[in-house]
Amino acid sequence: MLFYAVGYGGITFVTLPFIKASMDIIIFISLFLISVGNGNIRACITSLAAIQFKLPEQKESLQKYFSHYYFVYTMGVLSSKIITPSIRGLSGNCYGIVFGFLAILFLACWITFLVGMFFYKKEEVNRQNILVQVVGCIWYALVKYIKKENVHANWLDSSIGRYSEEFVQDVRAFLRVIRLYIPLPIYWALLAQQDSSWTFQATKLDTTVFGWRLEPDQVKAMGPLLLLLMIPFWQNVIVPLLYRTTGCRISPLFSVALGGVSAALSFICSGILEVQINKSTPMSISFAWQIPQFFLLMMGEVLLSIPGLQFSFTQAPTTMKSVLTASWFVNNAIGNLIVVIVTELKLTSNQSSEYFLYSFLMICGITCFTFMAGNYDTPQVPPEPLPEKYIILATEKSDKSSV
């Protein structure tokens, strides 16, 4: 958070009206600090909060935590999409005020976090860099395999001796999970379109609501607003209803697959809307026609992002929870890179075709994920004992029936 605040402070400085000289080096350093801060927060904050739960006694609470975390995260996203453009508009497009506001906000968050550190459960710190150890273990085993010096049934076992057998087993579990992530970056490429192509699409739509004109970059607030409504509705209504009616719970991997399908459908909707925009006169179609695509994309986020984050934490070995969570968020960065590549290569002749291309890529990616997930063996966990209240109820019923 401190890196975030300092980074935004640097951006604020270079955007001040009286700064005339070139400040490229400060911009690059500030963006680097923001990137480091973002990476550290995303990788560690979820794991830090999740280890506060005592398992398996608080397993259900842990599952709810990931939804609550995403809900709070989405509130921040929604605030940024509404408050930030408003500040920019009121300040006469003075970006220094916008970035300064964000820097102060992050500094306040950092201070709040420091105060709370006294109440957190302390995690045992590994003095060695776990990521370096993981890479070293994999590299050592690969070299042995390439040199055909591997005499074990599994290629990774050749690193036993240099590394402990327990650590090698943890690395194997890590690789089994991370393999599932390979087809998923395309989903984040779709998710990133809210702030780029979908915002540009809104500039060609009528954004008037009851006589009040919304800025195109405020229209994208529809996404997090829908997500804030969907998360509690899905968690507290749909999931319990499905369990009562069918007796089944949706597994995280199946949920991720459904989320990918929903995201693909959202881009089919945006492609169809783009075709209609090109056929119509400018600003004649209401932005309300973007609601279906936002709804489907946010439904995909409920089904994919939250269960995926939960799956990453619960399946990770104890020593690698932050590493595996960080790997999950790397998908986001790769997704942004995919957007850059597709845009720069100009693979399509128009915007609607690009939307359909993204939808096709998402379908291909989620199909691969589904086949890979079908071969994933979830570690067997011993059945949890029934809560005491259910045992008491069962005993009472048994006593009554015997009478």
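Here the Cβ of each residue, glycine as well, is placed from N, Cα and C on the backbone.
Automatic, uncurated: that is what TrEMBL annotation is.
Under the heading transmembrane segment, TrEMBL lists 25-53 (among others).
Among the features that TrEMBL reports, transmembrane segment is placed at 65-83 (among others).
Sequence annotations record features per position, and here TrEMBL assigns transmembrane segment to 95-120 (among others).
Residues annotated as transmembrane segment in TrEMBL: 225-243 (among others). Sequence-distant contacts of the transmembrane segment (225-243), counting only residues of its own chain at least 6 positions beyond either end whose CB sits under 8 Å from a CB of the stretch, comprise 64, 67, 70-71, 74-75, 78, 249-250, 294-295, 298-299, 301-302, 306.
Sequence annotations record features per position, and here TrEMBL assigns transmembrane segment to 249-273 (among others).
When Cβ-Cβ distances below 8 Å are used as the criterion, the transmembrane segment (294-313) is approached by residues 46-47, 50, 62-63, 66-67, 69-70, 177, 184, 187, 190-191, 194, 198, 222-224, 226-227, 230-231, 234, 250, 252-253, 255-256, 258-263, 265-266, 269, 321, 324-325, 327-328 of the same chain, each at least six residues removed from its ends. Here TrEMBL flags 294-313 (among others) as transmembrane segment.
Remote same-chain partners of the transmembrane segment (325-343), defined as residues 6 or more beyond its termini with a Cβ less than 8 Å from a stretch Cβ, comprise 39, 42-44, 46-47, 178, 181, 184-193, 196, 308-309, 312-313, 316, 354, 357-358. TrEMBL lists 325-343 (among others) with the feature transmembrane segment.
What TrEMBL records for 355-376 (among others) is transmembrane segment.
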